[in-house]
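Engineer: The following block contains the structure, expressed as structure tokens.
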Amino acid sequence: MGDILTGVSGAEAATAMIAAAAIIALVGFTKWGAKKVASFFG
């Protein structure tokens, strides 16, 4: 993990973590929404 973060500033690392969390949340919400829509129309 340390090797990956070598040469990366704290701000860049924080931005990457926030972006990753946002993507994970978006994917999770999309899957949940798809199930709701499928059950509604099903």
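Backbone N, Cα and C define each Cβ position, glycine as well.
Straight from Swiss-Prot, here's the annotation block:
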TOPO_DOM  1-12  topological domain 'Periplasmic'
TOPO_DOM  35-42  topological domain 'Cytoplasmic'
TRANSMEM  13-34  transmembrane segment
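On this model, are these features tucked inside or out on the surface, and what's nearby?
Structural biologist: Panel annotation: around the topological domain 'Cytoplasmic' (35-42), no residue of the same chain lying at least six beyond its termini places a Cβ under 8 Å from a Cβ of the stretch (none).
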Engineer: Using DSSP, what's the helix, strand and coil tally for the topological domain 'Cytoplasmic' (35-42)?
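Structural biologist: Each residue of the topological domain 'Cytoplasmic' (35-42) counted once, the result is 7 helix, 0 strand, 1 coil.
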